[in-house]
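Asks: Dumping what TrEMBL says about this protein:
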type	residues	note
ACT_SITE	B:K68	active site, charge relay system
ACT_SITE	B:S143	active site, charge relay system
ACT_SITE	B:S167	active site, acyl-ester intermediate
DOMAIN	B:18-450	domain 'Amidase'
Amino acid sequence: MPKIGLEVHVHLNTLKTKLFCSCSSDYINKDPNTNTCPVCLGLPGAIPVLNEKALTYAIMVALALNCEIAPALVFSRKHYFYPDMSKNYQISQYDGPGSMAVAKSGVLEITNKKIRIRRINIEEDPAKIIYPTGSMLTSKYTLLDYNRSGIGLLEIVTEPDIESPKEAREFLEKLRSILEHLGVCNCDMEGAMRADVNVSVEGGERVEVKNVGSIKDVENAIKYEIARQKAAIIQGLKVERETRHWDSERGISVPTRTKETDEDYRYFPDPDLPPYPISKDLIKKITAEMPELPDARVKRLVEQYGISRKEASILVMDKALADFYENTAKLYKDYKKLANLILNDYLRWLNDKNIRASESRATPEAIAKLLSLLDKGVITIKIVKEVLPEIVLKGADPDQLIKESQLTAIRDLEYLEKVVEEVIKEDKDAAEAAKNDPKVINFLVGKVMKRTGKRADPQLTNELIRKKLGV
Amino acid sequence: MISQVVKDLKEGRLDPEEYVERYYDRISKFEKKINSFITLRSKEEVISDVKESIKRGGRLAGVLIGIKDAISTKGIRTTCASKMLEDYVPPFDATVVEKLKREGAVILGKTNMDEFAMGSTTETSYFGPTRNPWDLERTPGGSSGGSGAALAAGFVDLALGTDTGGSIRAPAAFTATFGLKPSYGTVSRYGLVAYANSLEQIGPMSKNAEDLGLLYSIIAGDDPRDATTIPYEVKEVPSEISVNGLKVGVLKDILEASEEPVKGIINRIIDKLSSEGAVVEETKLGYAEYALPAYYIIAMSEASSNLARYDGVRYGYSKYGDGNWKETFSKNRGDGFGLEVKRRIMLGSFILSAGYYDQYYVKALKVRRLIKNSLDQLFAKFDVLVSPTMPILPPKLGEMVDDPVKMYAMDVNTVIANLAAIPALSMPAGFYNNLPVGLQLMGRYLSDTFLVGISMFVEKLTKIYDATAPLQ
C-alpha cells in the first residue's frame, strides 16, 4: 500500500483583511502590487499586527477536526531566502521548544477510515511569482505580485494515513465541505485550497509534490506518483527523497533542482507578536457558536426530507448544493423528486461543464417552478433537461423561457393522433414489429418526439400508438 | 527650556526666521567637524514649516528636532546609516514622528548613528563617524551618537534616539546631555527600523530634564500598529520631587569596575544625594556577569532575522541585475552591509541554527528572566538604582571599533535595563578634564516620569544642564 500524507493550505479569504495588516483579503483580479502596504511589503520599520478573527477561524477548524488546542497562539519566524518572500522569513508556527502549533492531534473520518491530523498552523502566504517568458526554469526574468503577500493561511497536515488517490480526494472533499460550512474559506476562489502531497511506495523513500492546485490535480498527482515510483522500483531504480513540482498542464510531476536536505529554518518566536492566550472560555464560546457541520447535516437531511443517506452525503459534499436543495425544498414539497432532479440532472450537467454549485445562477424559485410544470404535464422531462442550461447560466425564468421557445408539452389529441398515424404509415415494418416488442414501441415514440421537437407528451404518445396498433 | 521657546514663538517675542537661523549658523560653522547629520533639510523648507506650525499650535509648535536615522520619516530618506538604505525614502511616518508632527515639532534633519544601530561609538556608520563636540578626537558614543552630538554642539535642542542596549544613554553620557530609555512597550516601535525588537525602544534626548519629560510625554502611549505596546497613560512628571527619604541603591560591582575618574564623579553625586536626605545603600545585582553575553545573543539573533529582508528586490541597494536570484541577493547583501552588521548577522544566524538554539538562545532567555527577577527583588527595597552610565570616559576614535569584544564591553551597565524592560535615564554627572561623565538612574517598570523627576532634582545639584560644547 502506498503511504500518502497531505499538507493542505487553505486561504482564509473570508477574513476581510490580510493576516497581519489591513490590506484586503480579496486580492484576485486586482492590478499587480496595488493591494499592498508597508507591512505586507516588508518595508523597514513595519510591524505585523494579528487579525484576531483568524484565531477564531483556526479554533473552529481545530474543533471540527477533533484537535487538541494549544494554550496560547505563538507565531514563529521561519527563515529562508526566496524571491516571493517580503521579509525572507515567513510568519508561521513551529511545533518545538518555546513554541507550538495552534492545534494538533486531530482526526477526520472518511468512509470506513480515520485520517489522523498531525497539526494545524496559521501562517502568511508569500507573494505570487510570475514567469512571463516561459517556465520557472526557462523564463528570462521574473515578476512579483505582492497582492497575495500576507494573506492568512491555515496549514492542515495529516499523518500518512491515506492509501489511495480516491481516499485523498474523499478526504479533501470532506475537508472542503467542513471549511465551507464553517465559513472560513471560500474554496471556489482561485488557489484557495492547495496541497503539498507526500507519496511513498514500498521500497522507496518519500517524495513531496509541491503546490498542487485542485482536488482533481491532487488525485492525478498521486496516481502519477504511485505509477512513476512503482515503475522505477520494478526497473531496479532507487526512489530517493526529493521535492517535485506538479505540472497540471501536462499531468506530470517534474523534479525541482533543489537538493533535498533538512533545511534549517532557524525558527524563533516572533518578537513583534506577543503570545496570545487561548482561554478555556474562548474555546467554550466558539464551541457554542459553531455552525452545523457536514456529518450532522447529512443526518438531519435524511430525517427531515426522507432522502437516502447517499443522496444527502452528495448534497452536503458541496455546501452550496445542499443550501440550494434546502432552499428549494421550502418551495417544492416532493423532496425525493427534488433530490432526484438536483443530483441526477442538475448536478450531472454542472459537473460536465465543470461549474460549481455556487457559480450557478439558478434560483430555488426557478427549479421549484420547473418541477411543478413537469408535475402538471405542461412540460416533459426532456424539456426540463433542455432548459436547465439557460437557467443555470443566465438565471432565466422557466415560465418565460418555455413560453418564448414554445416548449410546452403537446397534449392535443387530434394533433398527436395525426403525427402517430404518419409515423406508423412511414415505417410499416416497425409498426408490425411493435405489436410484439415494447422496445419498438419506444422507437416509434422517439420518432414522434423528434417530429414534435421533443414536445409530445411521451406518456400520451405511448398510449396512442398502442391504441392504434391494437396492442 | 523648550516650553519657553514655544511660548516666545507663539507670542511673537522670538522671530521664527531668527530662531531657525541661529541653529543653521552653528551647523554651517561646525557640522563639517562633527558630522552629526546624515540628512539635513534645507533652511527655507524648515523656516516655512516652522511658520506654518506656529500658526497651527501644539506643545512643540515650531520647535526643531533631530531624528535618529533609524526612525522612518515620510518623504525624508531613512538610511539607518547603511549603504543598503542609502536612497530609501519611506512612504510613511513612524508613529512617534506622527505624534511629534501633531504637536507641531519640525524635523531639522536625520542624525547619524552606527549602521543599523549596531555599535557603541557611531563609527560603523556608512556616512562616516560622528565626533564628540567636547573633544573632536573622541567618539560621542553610540549608536545614537548623531543625536547626542547635535545636542551638545547646539545644532538642536531636542532629539530622538533609539536604545537597544544603551544606544541613547551612551551618547547622553559622553556628550553631557539627557537621554531616557523608556519602559518597554510605552513607546511605539512602528516605523523604527528593527535591530532587536524585544530589547529596543525609541526615546527622548535633550539638554535638560524638563525637556526630556516633555518629549517623552509626547511620544509615549499605546499604538494599535505595534502589538508590543501596552495600554498606557503617561503620568505627569512630579514637579517638586525631593530626594529626602528616597531609597537609593548603588550598584557596587558596576561602580567598582569603572575607570577611576568615572568612579570619583559618581561617588561625589552619591554623597550629595546622601546629604540631601536620601537613604543610600550599596547593593549588588544578581547574574550581572551574564548580562552582556545574554544581551548580545538575543540582540544578534533578532538582528539576523530582521535584516533578512534587505535583498534589494523591493527597495534598497540593488546593483546586480544579472544572474540568478541567489547570486543577486548575495551580492546585494555582501556589498550593502558593513562589517559589523555582517558580523552580527552571521553570529545571530549561527545562534539560531538547529543544535545551537537551545545552547545559546534559550539559555540567554533564562538569564534574562533571572536578571529580571533579581531586579524585582532590588526594587522591592529601592526606589532607584544608580550607577555610572558608561564604565569609561569617551574613547578616542578607532580605539574601540576594531576590537568588537572591547566595544561590546562598553555596554555592560546599560544592557541590564533593556533585558529587564525597565526605564533607565542618563544625565550629566560632571566633567573630568572637560570630558563628560554620565549618571545612570534605573527605576521600576513604568516609573519613567518618576526618574525624570529625580533627574530634575539632581540637575539642580550638579548645575549641569543646557550644556553646549565650546566649539571654535
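Heads up, the Cβ atoms here are built off N, Cα and C, so glycines get one too.
Bear in mind that TrEMBL entries carry predicted annotations, made automatically and left uncurated.
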Asks: Neighbour count, 10 Å Cβ-Cβ cut-off, for B:K68 (active site, charge relay system): what number do you get?
Replies: 33
Asks: So how many other Cβ atoms are close to B:S167 (active site, acyl-ester intermediate), meaning within 10 Å of its Cβ?
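Replies: By my count, 36.
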Asks: To the nearest whole angstrom, state the Cα distance for the pair B:K68 (active site, charge relay system) and B:S143 (active site, charge relay system).
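Replies: Spelling it out, the Cα of B:K68 (active site, charge relay system) and the Cα of B:S143 (active site, charge relay system) are 9 Å apart.
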Asks: What residues, ordered by sequence, lie under 8 A Cβ-to-Cβ from B:S143 (active site, charge relay system) and sit at least six positions away in the same chain?
Replies: B:M113, B:D114, B:A117, B:M118, B:G119, B:S120, B:T122, B:T162, B:T164, B:S167, B:A170, B:P171
Asks: Tell me, by DSSP, whether B:K68 (active site, charge relay system) is helix, strand or coil?
Replies: strand
Asks: Under a three-state reading of DSSP, tell me whether B:S143 (active site, charge relay system) is helix, strand or coil.
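Replies: Assignment for B:S143 (active site, charge relay system) reads coil.
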